[in-house]
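So that you can see what the record holds, here are the features copied from TrEMBL:
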ACT_SITE  Y220  active site
ACT_SITE  D260  active site, proton donor/acceptor
ACT_SITE  H381  active site, proton acceptor
DOMAIN    51-350  domain 'Endonuclease/exonuclease/phosphatase'
SITE      N262  site 'Transition state stabilizer'
SITE      D335  site 'Important for catalytic activity'
SITE      H381  site 'Interaction with DNA substrate'
Amino acid sequence: RALVEEEDGGNTSPVEGVAVKVVFDEEGHRARETLNPAPQLADGAISLKIVSWNVNGLRSLATTNKATLLNVIKEQKPDILCLQETKIQDNTIGDYDNFLDGYESYWNCSTDKKGYSGTAVFLKKSTILINPSSKRSGSGPICVGPPKKQAKLSAFFKKGLPEPVVSEEELSQEAVVVPAGHVSVVEQVSYDFEDEGKRFNGEGRTITVEFSNFILVACYVPNSGEDLKRLNYRVEEWEPHMRQYLKKLNARKPVVYTGDLNCGHLDLDIHNPTAKHIPKQSGLTVLERSAFTQMLQETQYRDAFRYFYPDAKGQFTYWSVRAGNRPYNKGIRLDYFICSPDMFSVAEGGEEAKETEGTRTRVLAHDSYILHKETVGCSDHCPVVLVVKMEE
């Protein structure tokens, strides 16, 4: 289609960014700029792929769009799958026994409110060693192989998925070295984060997985809500403590902070950044966007997608279903991979990559992209992807 550019004002966000030129196609839809992906990794390169997706209700996805998730797994082959807004209760986790064959599952459910929030992390057994001696802490329910007697939906997710290849012997308590064919080992899993005695639990919003060579924080950041009722809670309580938490983790290992972070950071991340209602919309207020900037500045973490594609236009991850915005690409980028600075190599302009304690392995971000078309009709969000490479 023919494309035209139209000025949409300067960068009016309270953060550094690029002046927005919104691109329209001939039918008036906001065009999605085609990206030039990172070069393929060399043969034999060691890598991990992480997919994150706000599914807006896992039971609904499992019963009405099961083929979509299977296709994402088949095509992307994620080593780690992070889900947000699962809306699963702890007493129904058993329904998801063996939810994805070949994956170990970790769940954190909301105990404060039913059918609300919730996060899950799936780890591929063929590439990640699940060490039974790892510490599992926090208030969230621990789900490593839930009771089989309640399994009801697992049959939907068996066809075409890899079989587990990790033997019981490999999962012994002495298994602390990454064996051949695996990329990492799980050392510890936590279901809430704590800073200065302040504990954030009850809504099932975080799962932290410490691997042998990096740390993953899978998160569903609180929405400020209608009429911005939770805005103060988010920017005055949640955000400051999360910043401190991320800084503490990065003192130990490289960190990947991912999920629905519920903020359109730059003007480029919002389809209509100069609209009058934007400063009053949840996730787009000056306070929330400024807090996001403060997080990046204080932690020195980087938005992986914007690192690789700083000027990309029309790259959104959320569209209002109520307004029917997805066909017109009137969206917001709310889903991210925020990575510690040592995950970007010196050659790419980053700081010296951090060597994981006790090893010579460097964990580096290689590419990040968005799966726009693969999940239309499943959720108001689409998945985002991070490719991580390991170098000696």
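Yeah, the Cβs are placed from backbone N, Cα and C, and that goes for glycine too.
The shortest Cα-Cα distance between D335 (site 'Important for catalytic activity') and any of the active-site residues Y220, D260, H381 is the one to D260.
Of all Cβ atoms in the shown protein chains, 28 besides its own fall within 10 Å of the Cβ of D260 (active site, proton donor/acceptor). Same-chain residues at least 6 positions away in sequence with a Cβ under 8 Å from that of the residue listed as 'active site' are, in sequence order, N54, Q84, E85, S117, G118, T119, G204, R205, T206, G259, D260, N262. Contacts of H381 (active site, proton acceptor) defined by a Cβ separation under 8 A and a same-chain sequence distance of 6+ are given as W53, N54, V55, N56, D260, T317, Y318, L334, D335, in order along the sequence.
Averaged over the domain 'Endonuclease/exonuclease/phosphatase' (51-350), the predicted model has a pLDDT of 84. There are 24 other CB atoms within 10 A of the CB of N262 (site 'Transition state stabilizer'), with all protein chains counted.
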